[in-house]
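Written out below as structure tokens is the structure these notes cover.
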Amino acid sequence: MAYFLEQSDSEIFELIFEEYKRQNEHLEMIASENYTFPSVMEAMGSILTNKYAEGYPNKRYYGGCEVVDKIESLAIERAKKLFNCQFANVQAHSGSQANNAVYHALLKPYDKILGMDLSCGGHLTHGAKVSLTGKHYQSFSYGVNLDGYIDYEEALKIAQSVKPEIIVCGFSAYPREIDFKKFREIADEVGALLLGDIAHVAGLVVTGEHAHPFPHCHVVSSTTHKTLRGPRGGLILTNDEEIAAKIDKAIFPGTQGGPLMHVIAAKAVGFKENLKPEFKAYAKLVKSNMQVLAKALKEKNHKLVSGGTSNHLLLMDFLDKPYSGKDADIALGNAGITVNKNTIPGETRNPFVTSGIRIGSAALSARGMGAKEFEIIGNKISDILNDINNVSLQLHVKEELKAMANQFPVYQQPIF
């Protein structure tokens, strides 16, 4: 499957194979990661990587784009069908690039952004001070109640006070559904545009397993991987023709040059997979598996942010524990369970240490694991956390879970 690479660069080839083994033998539970479709990888590794195509279909700056025009047009049409919207830009290189392009299109420097606080589950691009958005614009944030749910009343009061030009509703670590209708009411109250960032839940949205951002959001951004299982990339959607034109200009020439045609082809392939009935079954499994995991952890008296989950992820709360999110991340990693440390509401520790971990079900669900496996995993996570310094236990659990993982290969044949 990788003949030329093995011959020309055995060092990189061996490292890729090492990563292939790691992905097969470990339990990938980072909520933002997933296993893409083999067809998507084939498109990404195609000759399309050779083609420059600055501009848009039928309006390029380079010649020889007649084929890639068809490919990008197909990706756009499939995205519009998948998300039931009128306009789509498929050129954004990532979710962050998509968000930055939206701001570039719709805001002026130092305009006001209202987004979810980073420690409550927001993303860096929602106005965090350390990000581009926090430096080029005036950023404000809303948070969650003591119960871990978004405080919509607080969000309204802040919006009324600061009068933002744009409100961002979306997250990178929030275990509940977003009420897009409530956010639109807040936006209308203060005359703001509403950006729905569905990067994490897009796969649930398109299958009816999560509320849809349209018709409430003026513009929607997403990644094309995570719960969609497509290639790494970004996507911008809208039903407003004027906004769509501004978005196109903001992507090119505003924030990007040549689009990645091999990735755009892979996005088109991914969207076709997302439109299949089998993908609906997958999305249901993602949600049901997370419910099983949450139940198993709660039965072992572990504290979860918001008390549970309504989507593909959960957050464990260690505010009252002697160990940190970093400690748990390392211990579970030693046991073959890959998660990530994460800040949580009421955070008291350093962002590089944290008081929580984020766990997702999308990747293991893609391998075909179900309720039985997720109950086992929940019990093993509990065992590790209850004896967090027991290295021998971690190594023992790692071997047990490796045997289980090998029953659910990531891909049915060797593929890089």
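Glycine too: its Cβ is placed from the backbone N, Cα and C atoms.
In Swiss-Prot this protein carries:
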- LEU118, GLY122, HIS123, LEU124, GLU242: (6S)-5,6,7,8-tetrahydrofolate binding site (BINDING)
- HIS225: site 'Plays an important role in substrate specificity' (SITE)
- LYS226: N6-(pyridoxal phosphate)lysine (MOD_RES)
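Shown on the structure are the features that Swiss-Prot records.
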{"residue": "LEU118", "record": "(6S)-5,6,7,8-tetrahydrofolate binding site", "Cβ within 10 Å": "23"}
{"residue": "GLY122", "record": "(6S)-5,6,7,8-tetrahydrofolate binding site", "Cβ within 10 Å": "25"}
{"residue": "HIS123", "record": "(6S)-5,6,7,8-tetrahydrofolate binding site", "Cβ within 10 Å": "23"}
{"residue": "LEU124", "record": "(6S)-5,6,7,8-tetrahydrofolate binding site", "Cβ within 10 Å": "17"}
{"residue": "HIS225", "record": "site 'Plays an important role in substrate specificity'", "Cβ within 10 Å": "27"}
{"residue": "LYS226", "record": "N6-(pyridoxal phosphate)lysine", "Cβ within 10 Å": "26"}
{"residue": "GLU242", "record": "(6S)-5,6,7,8-tetrahydrofolate binding site", "Cβ within 10 Å": "8"}
Candidates LEU118, GLY122, HIS123, GLU242 (binding-site residues) - the one closest to HIS225 (site 'Plays an important role in substrate specificity') by CA: HIS123
Distance from LYS226 (N6-(pyridoxal phosphate)lysine) back to GLU242 ((6S)-5,6,7,8-tetrahydrofolate binding site), taken between C-alpha atoms, in Å: 29
Pairwise C-alpha maximum, in angstrom, for the residues (LEU118, GLY122, HIS123, LEU124, GLU242) that bind (6S)-5,6,7,8-tetrahydrofolate according to the record: 31
Separation of alpha carbons, LYS226 (N6-(pyridoxal phosphate)lysine) and GLY122 ((6S)-5,6,7,8-tetrahydrofolate binding site) (Å): 16
Secondary-structure category, per DSSP, in which the residue listed as 'N6-(pyridoxal phosphate)lysine' falls: helix
Nearest of the binding-site residues (LEU118, HIS123, LEU124) to LYS226 (N6-(pyridoxal phosphate)lysine), judged by Cα-Cα distance: HIS123
Reduced DSSP assignment, GLY122 ((6S)-5,6,7,8-tetrahydrofolate binding site): coil
